[in-house]
Ligand SMILES: NC(=O)C1=CN([C@@H]2O[C@H](COP(=O)(O)OP(=O)(O)OC[C@H]3O[C@@H](n4cnc5c(N)ncnc54)[C@H](O)[C@@H]3O)[C@@H](O)[C@H]2O)[C@@H](O)CC1
Ligand SMILES: Nc1ncnc2c1ncn2[C@@H]1O[C@H](COP(=O)(O)OP(=O)(O)O)[C@@H](O)[C@H]1O
Ligand SMILES: [K+]
């Protein structure tokens, strides 16, 4: 699977290189043909369903015109909505326009109120969108939301920033497509922030460009290939000590649930022994999960345990002391929730984190990331990739920036975008499960990068598995995740053993 993601600037460079070697119009023709083939697939091979194509003023519109000409040639009733008063077309788009005009493509300049379509194609804007959609384009993009048929976006859903996954411009809107066919290379904005909602299912069409000639990508999709070497079957001659200890440190007064969820996740993800080290009063045993060993946080010996700090930890002096002690230790660390808030409030603790030689994984959601960087959550979401990079660089840690299209970044700028998961995870406690899962992988000897990438992918895949069984997305609970995590992890190990990557 090609997992590479390129920024708009990179795609422009790839495009320039390719154009220099090809006859004019070749790329647009290939784009139109590939999109027409995909349209036929989406129509289930039926040629009796009419297709509406919205064509904008630039080369994205050119792609739509090419596509319309190809569809019409195959006998499909293709209608192009080409808003009037459109501008200078590029030479390629003008050629595509002439080809469409020469065939049986119908042209309209307003959307008929009662149109019934088998498919609607969004070819308004691609990577050339310079400002928020406005006027008739904005109206058209909004109208697409009411379509009852599939909406196929060409290259990028119009209005979406392909770098960030956010609509372009203040108060911008973007088309919500069910499918996107993206050209030359995949783009990060189709997979993170609002990108998944706008792009739907993404297909990449390389337009004949040899992937081997592409530069180093700005980011990659997270996949099992990233952590495949860590998927080891258990040895018969192993014992609980072989799989490490996880200690979850948290649970200030009244906040027992979060550390328990993290501890359960650590157990189900295979940690040899799991401790819940509580700052507040605790029950002594979890009757649902009696395997978890309770300790009073102040008395916990760190030893060589993997520490998951933060779930329900609160912001007390004791919490701060434990965090400082953990930062100065050589233990593998996962820092989540309140541990991140404490870090954000203390330059001294941040300095200790940056000085730390041993691995740490930080798992902020956007608001926690905002506190750490001293900005707002909206600023984080406006450019999640930049935020994850900046946090990893500043802290020297592996950073997991949570949310749809979770990012995993490390200090050298390497960045992954996670394609698994669904909004069923938007429920209290699912982040605690992620932290515990990550701790368990660290405890089993996975390096920080693989543990973070693996935890994020498996956590999302577990949620997807639950949805497949009808458990969610609505009403999925964090407590249901650990068993699903276990199922996914065992499947991955089995498949790795059977030679599947
Ligand atoms: N050039 C190439 O080699 C290829 C380009 N392709 C297509 O071309 C697209 C890029 O083409 P363009 O660079 O022409 O860019 P777009 O087609 O995305 O749009 C740019 C045009 O829209 C105008 N514009 C930008 N923002 C606007 C706004 N908010 N309201 C109104 N007008 C606005 C610009 O002035 C320009 O005329 C790609 O996304 C892809 O779909 C494909 O054909 C593949 C190959
Ligand atoms: N809409 C969504 N799509 C995919 N994943 C999501 C979505 N919403 C939340 N998640 C995931 O769920 C988890 C929530 O973590 P967090 O915000 O810390 O919640 P909590 O503190 O309640 O545990 C993260 O792993 C996040 O990436
Ligand atoms: K588009």
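The backbone N, Cα and C atoms fix where each Cβ goes, and this holds for glycine too.
Fair warning: this is a prediction, and the values are worked out from it, not measured in the lab.
According to DSSP, residue 62 ((6S)-NADPHX binding site) sits within a helical segment. In the structure as shown, the Cβ atom of residue 62 ((6S)-NADPHX binding site) sits within 10 Å of 31 other Cβ atoms. The (6S)-NADPHX binding site annotation in TrEMBL covers 59-63, 126-132, 137, 155, 258, 312, 365, 432.
The Cβ of residue 60 (K(+) binding site) has 27 other Cβ atoms within 10 Å, all protein chains considered. Here TrEMBL flags 60, 122, 158 as K(+) binding site.
The annotation AMP binding site is assigned in TrEMBL to 402, 403, 404, 405, 406, 431. Under the three-state DSSP scheme, residue 403 (AMP binding site) falls in the coil class.
Annotated domain 'YjeF N-terminal' per TrEMBL: 11-215, in sequence order.
According to TrEMBL, the feature domain 'YjeF C-terminal' maps to 223-492.
Reduced to three states, the DSSP call for residue 122 (K(+) binding site) is strand. Taking 59, 127, 130, 312, 403 as the candidate binding-site residues, the subset whose CB lies under 6 angstroms from any atom of ligand 1 consists of 59, 127, 130. Per-residue confidence over the domain 'YjeF C-terminal' (223-492) averages out at a pLDDT of 97. For the pair residue 403 (AMP binding site) and residue 312 ((6S)-NADPHX binding site), the C-alpha distance works out to 20 angstrom. Here AMP is bound by 402, 403, 404, 405, 406, 431 per the record. The longest Cα to Cα distance in that group is 14 Å.
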